[in-house]
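*Asks:* Take this structure, written in structure tokens, and hold onto it; I'll ask about it next.
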């Protein structure tokens, strides 16, 4: 049985969270705003995003965080042309769509497994009922056979006496 939690974070989701937080740091926006944006994209709560960031991801991105803060402070980060911004937004949207489709696929597969399990249980119940019916029928035949044997024995004994 698969013990993976349904709400477990994937590597792709971790990357989206990290990239978004770093972008917000560079732009001088708050991490809370980043958590809200990621939460709406990944269908999670902003608290869950904040917890994931602080408990796991932040440790892996210490250097990138420092660099983003330095870029913000020194003003080296220049506004990107609108075409680059559109490409970034399009890439971000495509990644969101891919993540959504992957989640839907997983949910669909799990629902299919549950349906198969339900069908299996019904078939098992049907077979068990049929087995019980056949046992009862066999028992009746066995009883009838024993009665026939008794009758046959009685007829033989009656003939010889």
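Note that Cβ sites are derived from N, Cα and C of the backbone, with glycine treated the same way.
Whatever TrEMBL says is automated annotation, not expert-curated.
What you are looking at is a predicted structure, and each value in this text was computed from that prediction instead of being measured.
Pasting the relevant annotations from TrEMBL:
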- 113-151: coiled coil (COILED)
- 1-57: domain 'Myb-like' (DOMAIN)
- 71-90: region 'Disordered' (REGION)
*Asks:* Just give the helix, strand and coil counts over the domain 'Myb-like' (1-57), going by DSSP.
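*Replies:* The counts are 40 helix, 0 strand, 17 coil.
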*Asks:* Restricting to the domain 'Myb-like' (1-57), what is the model's mean pLDDT?
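*Replies:* Within the domain 'Myb-like' (1-57), the model's average pLDDT equals 89.
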